[in-house]
């Protein structure tokens, strides 16, 4: 279990004080994958660097498995960092060392005998899919391969927690998915708790159990990923979800021809089993209305599916529309009016 209690981080500059992290509270369950998302400057990188005391909080407590990180002595902190490991956006590999030597490096620092260190490193290199590349140097590797080395190195001391600081931001979409799949694999095999920060909602949706959304140093929204996608509350969260769904229809509403007085354009939002229900068939048969499909998409999270459907209803009375909306609501389909004639 990881607990953050009222974490504050201030930077003092010549001209002013900067509040980078503003009274953040988080509870992260052991064995879960917890994501923190925010735009640049939101405070997420500063926050994650306080988990292993690369940055010290100005005030507040970070407790990992019962240890208050800020109160550990230097020797205790060094030992704790072996159990709270980290991977980085730009890999931070040692360019003069081979893949094998990069992975053995933290074991050398920990005083592990060279034979055991080599054996452990070879096992980890195979785990991350780089068997046969032990003698290669970082300059000979692709971005995805470099991050695989970073993951293997981070696992060398059998950590309980893996911190991921924008670990996929420098990668192309396909390689990103491969690294995310690898993180899921090592989480299961190593029984890890993973905390990752990102500005990509796709990353959150694909592997996280819970998410916290940050803006201006504050956590503005938090919850299970499926619930946050289903019903985002804050405008920043709505923007992330909208971008992930490629839902840009509202931006084009003003360019549509004027609607008839009894016409509607609505968005239907649905989750879980509703994503496979014949909603269009229900509308046409039960309510005897014509619909035009303008836009649609479905996405999957670890805990279920969610999606939306934008439709144009050319003719429907106000009373009929109220009944239609009520009936869909009973089926757990949210109806949002985007435009009305």
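Every residue number used here counts from 1 along the chain in the order it is shown.
Glycine is treated like the rest: Cβ placed from N, Cα and C.
Swiss-Prot has this to say about the protein:
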BINDING   38, 39, 40, 41, 42, 43, 44, 45  ATP binding site
DOMAIN    2-241  domain 'ABC transporter'
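Neighbour density around each Cβ, counted as other Cβ atoms within 10 Å, peaks among the binding-site residues 40, 45 at 45.
Note: the ATP site is recorded as 38, 39, 40, 41, 42, 43, 44, 45; in the same chain, 199, 214, 215 also have Cβ atoms within 8 Å of that site's Cβ centroid. Along the domain 'ABC transporter' (2-241), the predicted structure has mean pLDDT 94. If you count neighbouring Cβ atoms within 10 Å for each of the binding-site residues 39, 44, the highest count belongs to 44. Here the binding-site residues are 38, 41, 43, and the one whose Cβ sees the fewest other Cβ atoms within 10 Å is 41. Its Cβ taken as reference, residue 42 (ATP binding site) is surrounded by 24 other Cβ atoms within 10 Å in the chains shown.
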